[in-house]
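Asks: TrEMBL feature annotations, pasted as is:
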- 25-48: transmembrane segment (TRANSMEM)
- 52-188: domain 'MARVEL' (DOMAIN)
- 60-80: transmembrane segment (TRANSMEM)
- 92-116: transmembrane segment (TRANSMEM)
- 128-151: transmembrane segment (TRANSMEM)
- 163-183: transmembrane segment (TRANSMEM)
- 195-217: transmembrane segment (TRANSMEM)
- 237-262: transmembrane segment (TRANSMEM)
- 274-298: transmembrane segment (TRANSMEM)
- 318-342: transmembrane segment (TRANSMEM)
Amino acid sequence: MYKGVCHLTERAQQDGVLFLSWWEMFLLFGLSRFGLCLGTTTMPVIVLEASDLTSPLSLVRMWALLSGCLTFSLVASLVHSELTPEPQQPSFRILCMFTWCLFFILTLLIHVVNIIQFHSLVPISWKNLTVTVAALAALMTFSASVTFPWAVMGHEGVCPRPIAAALASCLTFLAYATETYLIRTQTQDQKGYMASVPGLLKVLQLWGGCEMIVLVVEQVRGALVKGAGVGLAAVGWQLWVSGAVYALCLLMSLGTVMVVLGDCAGRCPLPFDRLLAGFSLTGVLLYVVATILCFTRVLELQNPGQDLHRTTGTTLVVMEAVMTSITLLAYTVDLAVSIKLLRDRSHA
């Protein structure tokens, strides 16, 4: 291995680093990051301290990896008799599996990169990335832990595998919630903006937008299936307006998180704190409209003669109203915090 590295170094000195392939440059930069002296005749040893593997954060991430792997393995092995016959079961099962698998992969990458100390090679803010993934994973796995017993697993008889999967999902949620708490208790220079109250509110808004989009898509699909022959007329205009509001607010929240993770706030042409306040105000106004439309549809469900009662599920509409209220509260608190920060800076 050492001779190969020396060969790469000689090529870099003779031909220039630009003539090396991307993986050769990555290898040279990574080994130099670990302190490998390329010009010496001795082969230094890369030592990983035991504290890197036994720290509370590492142990909690391994807990999340084990429980997450157990969860999606059990759910993948379920047979048809262990699942509910509800029509929305396939969609919610895909959502739950996507949540568990996605955050298992992200947590595994974060854990590996953190152990080998390669996070300086990642072109994003590492301290913001870890808390963002942990907080969003906690919220998404919480949703999966609620959705799976309600809309995926069967309720006829006692089946051990679905119950074990539900318990494993709850353990996964607890692991990610604990990781978020541990990151929040670190010193100020070890945690970034996303670990603060405004940052966590951005994650809550992002989670709410994702859940809203899923609920709207499922309601549209159910309306089109039950209103066969009617086409898009089976979907009420309120649902289309709500879907547009959720999509717009989700894009704003996603853009804000990506700017923070990419450390691009200083390159923003507008003052970033004022831009965040504007986004929060826009989100409050849009979600007020969506909340009014949601509760209007909930009231319409009390009349069995309404088309909404025929084409969309009652539970989905109620869930959307609850989630819209939670997300509206998150935007309202975020707007209040943003205004307070702007006032403090103006008086400073």
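Yeah, the Cβs are placed from backbone N, Cα and C, and that goes for glycine too.
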Asks: Please identify the stretch among 60-80, 92-116, 195-217 with the greatest number of Cβ pairs below 8 Å relative to the transmembrane segment (163-183).
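Replies: Top-ranked stretch among 60-80, 92-116, 195-217: 60-80.
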Asks: When secondary structure is assigned with DSSP, how many helix, strand and coil residues does the domain 'MARVEL' (52-188) contain?
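Replies: Each residue of the domain 'MARVEL' (52-188) counted once, the result is 109 helix, 2 strand, 26 coil.
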Asks: Are there residues at least six beyond either end of the transmembrane segment (237-262) with Cβ under 8 Å to its Cβ atoms? List them, or say none.
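Replies: Tertiary neighbours of the transmembrane segment (237-262) are 123-125, 128-129, 132, 192-194, 199, 202-203, 205-206, 209-210, 212-213, 216, 219-220, 223, 268, 272, 276, 279, 282-283, 286-287, 289-290, 293-294, 296-297, 312, 320, 324, 327, 331.
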Asks: Mean pLDDT over the domain 'MARVEL' (52-188): what is the value?
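Replies: Result for the domain 'MARVEL' (52-188): average pLDDT 89.
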